[in-house]
Amino acid sequence: MVVNKGIRLLSTKAARFVPSGGVYPKGFVVGGIHCGVKKDGKSPDLAVLHNTFGQDANAAAVFTKNKFKAAPVQVSAATIKQKNGVGINSIIVNSGNANAVTGQKGMEDARAMAMVTDSVFGDHKDSTLVMSTGVIGNKLPIDNILSGIPKLESQVGDSHDHWLACANAICTTDTFPKLVSKSFEINGNTYTMAGVAKGAGMICPNMATLLGFFVTDAPVSAKALQQILSYATDRSFNSISVDGDMSTNDTIVAIANGAAGGDLIDNNSSCAESYFELQKEVTSFAQKLAQLVVRDGEGATKFITLKVKDALSYKDAKSIASSIANSSLFKTAMFGKDANWGRILCAIGYSDVSTAQSIIPDRTSVTFVPTDGSEPLPLLVDGEPESVDEARAAQILELEDLEIEIDLGTGGGQEAKFWTCDLSHEYVTINGDYRS
């Protein structure tokens, strides 16, 4: 197994989530190398993805909402807008330096990365999206990157090892590379999807410190792909939190090249069935990638699923789940294995919901749902506290995975899921030492 020596020590827990093989889309090659961005002189820090199919690919992207958008975010967003998502064939990524808050030079460097990638891989102008991740405020070692891009040409391929090398090359404080792949069927045609992501800290909704890209050989219009990606991201990468910080760089990109054939999937009525089937496939895929980011949360010992049900709206349900997920008091209680449901209620109470009827205290219930299949443990039922068996609660909190169900009892029937982790001493250590 290829392991990035520049990332935190690969733990036994994390190794469970690194695949030993995969299925990969037709017409794409990927790779990763060390070019000299990272200080240790050997860790992979430059990755590329390229469409080798005989026709241009379509792309969609979702970017950070942070006001201090990094140079690669601005450059990539402009490229997507200029081309309406059509004719995007490559992604170039460096790790170890965010190229954020780097002024005009940062913009020039991001554009240069795209131009050199276009040239090396034989694409027409403006065919490449750029991503960077790492320390904010430092200029890129751009000469190292630009001389490294041509070296990628001989290191790309479509094997599992190539995909794993690509996933490793985008890591920073991650403990393991995040790679997911799967095959699926639409209208009798078999398609494949594969993707990588990075992120372990500075993760919260609306695109935080994470990068991710996934590709498929299904034929999808750029407009349909953008709508599907936005829907999927809202229910995956924008439904996770590690520490509540939103980064300057985060980007999720989807690319479809149509190499597996079949009818074009568009967003019109004649394609409705295939459109919604693809939306389901992309959403579940994005959720798997996003959940790997949470599992690798800096210093995390628990993976927590928050399920809010019977809300008046999806927006209310997600807002409440997000409020709990970003509560430091809740997260530290989970690390301490303390069934302090008062912290959950507190976070529910100050969440940003739409109306006064969105939360009715005497209809609200909170339950621990064990992931080992044993009996759930009610903590609060219709606003009334239960007599909690602390020994049973402690038993549940010993599990690595935990689900907490919040039933709002509004009669609205809407629900949302959100994924988070606990907050530990190690999180402080990792981030206190980040630049050293």
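Quick reminder: no glycine exception, Cβ is built from N, Cα and C everywhere.
Taken verbatim from Swiss-Prot:
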BINDING   Thr172, Lys198, Thr209, Glu298, Asn431, Ser436  substrate binding site
ACT_SITE  Thr209  active site, nucleophile
Lys198 (substrate binding site) - helix vs strand vs coil (DSSP): strand
Other C-beta atoms that fall within 10 angstroms of the C-beta of Lys198 (substrate binding site): 28
Protein Cβ atoms within 10 Å of Thr172 (substrate binding site), excluding its own: 26
Cβ packing number for Glu298 (substrate binding site), 10 Å threshold: 25
DSSP-derived structure type at Thr172 (substrate binding site), helix or strand or else coil: coil
